[in-house]
Amino acid sequence: MNKEQFLHQDLFAVVMLFGIIQSVLLIYLFTFKNKAPFFLKLLGLLVLSLTLITVEIFLSYSGYIVYAIHLVDFSEPLNFVLGPLIYFFVFCACYPKPFNKKYYLHFIPFVLYLAYCVPFYLQPESVKLDAFLSAYQPVLANPELEETSNLDPLFLKRFVNELCLMHISIYLALSLWLLKLETKSLNQYTKKLVRAVVWGMSALLILTLLVKFSFRADLGDYIIAVSFAVSAFALNGILLQSSQLLSEKGIVAEQKVPEPKYSKSGLSEAQKDEILHQLNGLIGKEKFYADPNISLQGLAARIHTHPNYLSQVINERLGKSFFDFIAQLRVEEAIRLLKSSSHQNTPIEVIAEEVGYSSKSAFYNAFKKITGKTPAQQRSSL
């Protein structure tokens with residue numbers, strides 16, 4: 001057999017090769033550099049899996065697979081780790097805590113399919129070569145050899161594309177759902193990276209769907225590999241543009257479980273209850289929040305407690321900072337005034353002043369943040 005007849009080199013092969021090299025750098029950055037947190041190690045494993053898949057596509061597309069024929073289909077089981085790795089990358093970014101052993105159950109499909117492929121991996125070179133030809137040069141394949149080999153008794157390999165795409169789609173949907181719910185808890189650098197990865201993988205999935213339904217066998221896989229290569233360069237570009245992503249203040253900083261903010265406070269639960277009771281009583285009696293100069297110290301003095309204790313109660317019992325607490329009361333009062341018949345024609349700027357805002361923009365920002373509407377939209381909806 002003249003192996004050189006299978007060799008094929010063009011721009012797509014070059015892009016794939018440089019994408020593989022770029023991916024190796026990303027794997028190092030995410031996995032080994034600066035004591036990366038666990039969610040970045042998962043991203044490193046995701047990039048590694050995609051890189052190995054791309055390596056096989058590159059070798060097959062360029063024809064160099066004939067010099068390492070036993071590598072045919074070596075990366076196929078890795079398609080079943082992509083979905084779980086994407087999801088747990090997002091999950092561990094949102095919840096930086098030890099990886100529970102039960103999560104490894106999500107990788108059972110990968111293990112089972114890997115075991116299912118073992119008989120194929122043990123086949124002689126003739127079978128491997130025919131598998132390569134069937135996928136990339138169908139006119140040269142030997143259909144009789146494929147029929148007699150009986151290496152797919154459960155027809156899993158025949159429908160592996162559909163199974164993988166469905167498997168990845170489920171985990172991507174879960175990742176997008178988690179991304180929508182929990183990204184508020186992420187810092188800006190982590191959020192930027194997580195969104196880029198999830199949306200990038202979603203785009204890659206859609207492209208894969210189009211390719212698999214448009215091309216016979218694996219003839220269009222080079223498009224997927226080239227897209228991943230371009231994605232690797234894009235991801236590297238994000239890292240270069242945001243140097244904080246790889247700084248100690250960015251996502252690569254070791255994520256330590258913070259000590260509770262008030263762990264050294266001597267305030268008992270009964271004392272917290274009493275402070276909260278006094279605070280609620282004051283809210284019912286007077287509109288202290290309408291004072292534009294209201295401060296934590298001033299409010300604490302009114303209920304005869306220490307500012308630190310009041311701040312702790314607002315944080316722990318109300319789940320807000322002092323400023324968010326005041327903003328909430330002001331916006332609630334503004335909504336009441338907007339509904340009032342006596343304020344139907346009152347300019348919004350005047351209402352803002354009445355509830356304690358000396359700045360129109362500050363009032364609009366707080367109102368939109370809490371209600372999701374502008375004051376004008378709120379008034380028109382009444």
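Going from the start of the chain as shown, residues are counted 1 onward.
Yeah, the Cβs are placed from backbone N, Cα and C, and that goes for glycine too.
Copied over from TrEMBL:
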DOMAIN    273-381  domain 'HTH araC/xylS-type'
TRANSMEM  12-30  transmembrane segment
TRANSMEM  42-66  transmembrane segment
TRANSMEM  78-96  transmembrane segment
TRANSMEM  103-122  transmembrane segment
TRANSMEM  159-181  transmembrane segment
TRANSMEM  193-213  transmembrane segment
TRANSMEM  219-240  transmembrane segment
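Between the transmembrane segment (193-213) and the transmembrane segment (78-96) there are at least 3 Cβ pairs closer than 8 Å, counting only pairs 6 or more residues apart in sequence, which means the two stretches are in contact. The stretches the transmembrane segment (78-96) and the transmembrane segment (12-30) do not meet in space: the count of Cβ pairs below 8 angstroms, excluding pairs fewer than 6 apart in sequence, stays at fewer than three. Long-range contacts of the transmembrane segment (42-66) within the same chain: residues 1, 3, 6-9, 12-13, 16-17, 19-20, 23-24, 26-27, 29-32, 36, 72-75, 78-79, 81-82, 85-86, 88-89, 92, 129, 132, 135-136, 193, 197, 218, 221-222, 224-225, 228-229, 232, each at least 6 residues beyond the stretch ends and with a Cβ under 8 Å from a Cβ of the stretch.
Looking at the domain 'HTH araC/xylS-type' (273-381) alone, the prediction's average pLDDT is 90. Sequence-distant contacts of the transmembrane segment (12-30) (same chain, six or more residues past either end, CB-CB distance under 8 Å): 36, 40-41, 43-44, 47-48, 50-51, 54-55, 57-58, 61-62, 222, 225-226, 228-230, 232-233, 235-236, 239, 246.
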